[in-house]
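Participant: Structure incoming, see below.
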Amino acid sequence: MNTARFLVTKAYPLKDTHSDQPLPEAITPIDTDTLLVEDESKNLNSTTSTKGDVVEDKKETWLTILLQVTVPFLIAGMGSVGAGLLLDYVSNWKPFIEVPEFLALVTPLLGLKGNLMMASASRLSTLTNMNKLETLKQKLHAFVADIFATQVLSIVAGFMASIVTIILGFANKQHMDYQHSFLLCASSILTSSLSASALGILIFGVIVLSSKVSVNPDNVATPLAASVGDVSSLAVLSGMASVLYANLDSKPWLCPTIIGFFAMIIPLLLFLTYRDKENAKILNSSWPRILISMVILSGGGVILEITSHRFSSMELYQPMINGVGGSLVSVQASRVSTYFHKNYEPGELPWKDDSGSNIKCQSPVRVFFKSGINSTAARVLLSLIVPGHLIFATITRFAFKSSNSHYNPLFLTLYFSAALLQVICLLYFCQLIVNVIWSRKGDPDLFAIPLLTATGDFLDERSGVVEPALRALLLVVELNKSPYDLRLATMRSI
């Protein structure tokens with residue numbers, strides 16, 4: 001039954017509600033819908049609107065974004081520094097020396113795990129910003145569904161990363177050690193499953209807490225997922241590799257048993273996941289991005305294994321470079337995805353040509369220098385590159401007390417310039433990729449971050465930052481030596 005609200009300016013005796021007599025003039029009917037919208041708008045920080053009208057948080061300025069992003073960015077950077085120091089340390093452990101494929105496994109495994117967790121954080125952040133995680137029932141449902149889906153994807157990702165690493169190792173050496181292959185596979189799957197469970201709980205807690213303290217979860221969840229995921233996954237991988245390697249000869253059945261156990265629980269996890277239609281849709285759409293990311297990251301892992309022998313500090317800088325760039329672009333991808341979810345129907349973009357068709361490709365000027373909130377966020381993220389890398393590189397230099405850290409003005413200049421260029425490219429690609437995915441009615445929360453971070457990882461390891469800087473540094477360091485040494489340095493740097 002419809003109800004009506006009245007503004008009563010004078011008291012009247014109660015009468016029969018079914019009376020046909022007209023209402024007194026002093027009682028004025030009020031439009032219920034208008035009142036409801038006005039009442040709700042008083043309790044919200046942002047404007048309320050239907051899709052098609054741009055909804056932006058009035059209080060979210062460049063300063064708000066900077067304050068909310070800086071702390072998670074620094075934590076993410078410290079996590080990347082820790083991952084770099086840990087990788088440099090464990091690369092001298094016996095399992096990593098005797099089974100060099102472990103080093104090649106690091107990049108695809110950490111990359112795939114990071115992609116999965118950041119995509120999960122981005123999706124949950126979007127749900128929070130759209131007020132779909134308000135009640136306890138909604139939160140519990142989202143949490144359980146996310147854990148099941150993430151477990152399935154993580155186990156499969158760990159298995160696929162190990163298989164690709166084994167195949168590439170066989171192609172390089174023309175020889176396969178079956179015990180080492182089982183060791184790689186078991187370590188990778190265990191690492192993926194255990195770290196996914198812990199990170200899933202942490203990410204969900206961060207998102208819920210952010211909404212409680214009026215912080216945009218898009219600004220904090222994805223960088224924390226990336227950084228904490230890197231260092232925790234690497235620590236678990238190192239521990240699992242050491243334990244399983246120590247029992248490789250005495251308990252040769254252990255690694256195959258672990259692989260068999262996870263193979264048996266996958267059907268149960270799939271059943272629990274596919275019971276929810278939304279979760280089934282997410283899971284079905286996740287396989288292509290895992291395959292694409294795996295191919296890109298596996299190539300980067302082989303490059304890391306090769307170049308780490310040429311430059312001894314490659315293990316030190318690689319996770320830091322990948323982590324910082326990935327954290328920043330994941331923030332932007334999460335924000336732009338939420339922006340589209342809140343304001344536009346799938347397939348609809350805000351930019352149209354004369355014929356009314358979507359404009360997917362924007363100029364860098366529009367992406368970085370327009371007055372919109374997404375352009376503002378991109379500029380804020382770029383402003384963090386140089387000071388952030390300076391802090392992280394300085395900490396790395398003093399934590400890694402060796403000349404191999406290459407901490408000098410020349411290297412830092414090359415390092416900062418390349419890092420800045422890399423993030424500019426990734427932020428620009430971010431807008432283009434999200435535009436294309438949304439115009440095709442896809443979910444950018446699921447596809448954008450994996451594609452961006454995987455591409456960033458590959459570029460960092462081969463042509464983006466570390467290797468060109470070390471090549472140039474190696475050449476210049478030798479300039480004061482003899483002509484023979486100079487020719488040798490030139491040959492080594494090419």
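Even glycines carry a Cβ here, placed using N, Cα and C.
Note that this is a predicted model, so its numbers are computed, not measured.
So TrEMBL lists these for the protein:
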type     : residues : note
DOMAIN   : 107-239  : domain 'SLC41A/MgtE integral membrane'
DOMAIN   : 318-459  : domain 'SLC41A/MgtE integral membrane'
TRANSMEM : 65-90    : transmembrane segment
TRANSMEM : 142-170  : transmembrane segment
TRANSMEM : 182-209  : transmembrane segment
TRANSMEM : 221-246  : transmembrane segment
TRANSMEM : 253-274  : transmembrane segment
TRANSMEM : 286-304  : transmembrane segment
TRANSMEM : 380-400  : transmembrane segment
TRANSMEM : 412-438  : transmembrane segment
Participant: DSSP helix, strand and coil counts for the domain 'SLC41A/MgtE integral membrane' (318-459)?
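Facilitator: Counts, helix then strand then coil: 108 helix, 2 strand, 32 coil.
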Participant: Would you kindly list the residues that approach the transmembrane segment (142-170) from elsewhere in its chain, counting only those six or more residues past its ends and only Cβ-Cβ distances under 8 Å?
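Facilitator: The answer is 100-101, 104-105, 108-109, 112-113, 116-117, 120, 123-124, 127, 132-133, 176, 181, 184-185, 187-193, 195-197, 200, 204, 259, 262, 266, 269-270, 272-273, 276, 278-279, 282-283, 286, 290-291, 294-295, 297-298, 301-302.
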Participant: Six or more residues out from either end of the transmembrane segment (182-209), which same-chain residues have a Cβ under 8 Å from its Cβ atoms?
Facilitator: 95, 99, 101-102, 105, 109, 112-113, 116-117, 120-121, 124-125, 128, 133, 139, 142-143, 146-147, 150-151, 154-155, 157-159, 161-163, 165-166, 217, 220-221, 224-225, 228-229, 232-233, 236-237, 240-241, 244-245, 248, 254-256, 258-259, 262
Participant: Work out, from DSSP, the number of helix, strand and coil residues along the domain 'SLC41A/MgtE integral membrane' (107-239).
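Facilitator: Result for the domain 'SLC41A/MgtE integral membrane' (107-239), in helix, strand, coil order: 119 helix, 0 strand, 14 coil.
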